[in-house]
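First comes the structure, then the notes that go with it.
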Amino acid sequence: MRKMMSTMALTLGAAVFLAFAAATAQAQRCGEQGSNMECPNNLCCSQYGYCGMGGDYCGKGCQNGACWTSKRCGSQAGGATCPNNHCCSQYGHCGFGAEYCGAGCQGGPCRADIKCGSQSGGKLCPNNLCCSQWGFCGLGSEFCGGGCQSGACSTDKPCGKDAGGRVCTNNYCCSKWGSCGIGPGYCGAGCQSGGCDAVFAGAITANSTLLAE
């Protein structure tokens, strides 16, 4: 009996630790706002100190990780490739959008390389990349935002309690209305999961309640 109680205690302790770790990962702070910590898996640290992917994290103000504007690549960098399948522009910089993935693109999901969607007979993108409204594969708001046809689209995915507890891809926020996206309307008050501004406290409370039951 004593051995069984000991095993149960160890199991409960492990569950509490894993719940704590999961909650911490969801609300990962980084950069100046997070004791200069770097994000896991080379995720971008936004100017506000949160980890994630997409323009709000990897664009202007990005502090570390796979920032779009800080990585050199291509012939200007000894043939180096961009992280996270970003495009390498003709000038040797990593990023997304026409200036990176368009004319002269040296590597990554260049527009001339990977086509998809209704423009290509319904073809899907590899690795769950987003298929933009124009029929090209990639990541970021230009591909995963309005008009996204397939893949990890950010704005048309149901999530949260009304979608069976589903979470958003790429650490996008699940708004209080149950849709995936980035910005105050998604990550602010009522945010259910993802990179929410205040997800840590809510996640700990929810996990503690679950364990207590």
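Glycine is no exception: its Cβ is also placed from the backbone N, Cα and C atoms.
Per Swiss-Prot, Cys144 makes its disulfide bond with Cys130 among Cys130, Cys131, Cys159. Within the list Gln28, Gln90, Gln149, Gln192, the entry that Swiss-Prot describes as pyrrolidone carboxylic acid is Gln28. Partner cysteine of Cys88, as given in Swiss-Prot, is Cys73 (from among Cys73, Cys105, disulfide bond). Which of Cys44, Cys45, Cys51 pairs with Cys58 is settled by Swiss-Prot: its disulfide partner is Cys44.
Proximity note: of the listed disulfide-bonded residues (Cys45, Cys125, Cys187), none has a CA within 10 Å of the CA of Cys94 (disulfide bond).
Here the C-alpha separation of Cys125 (disulfide bond) and Gly92 (substrate binding site) works out to 24 Å. Across the structure, Cys168 (disulfide bond) and Cys44 (disulfide bond) place their CA atoms 17 angstrom apart. Using a 10 Å Cα-Cα cut-off around Met37 (substrate binding site), the disulfide-bonded residues Cys45, Cys87, Cys153 reduce to Cys45.
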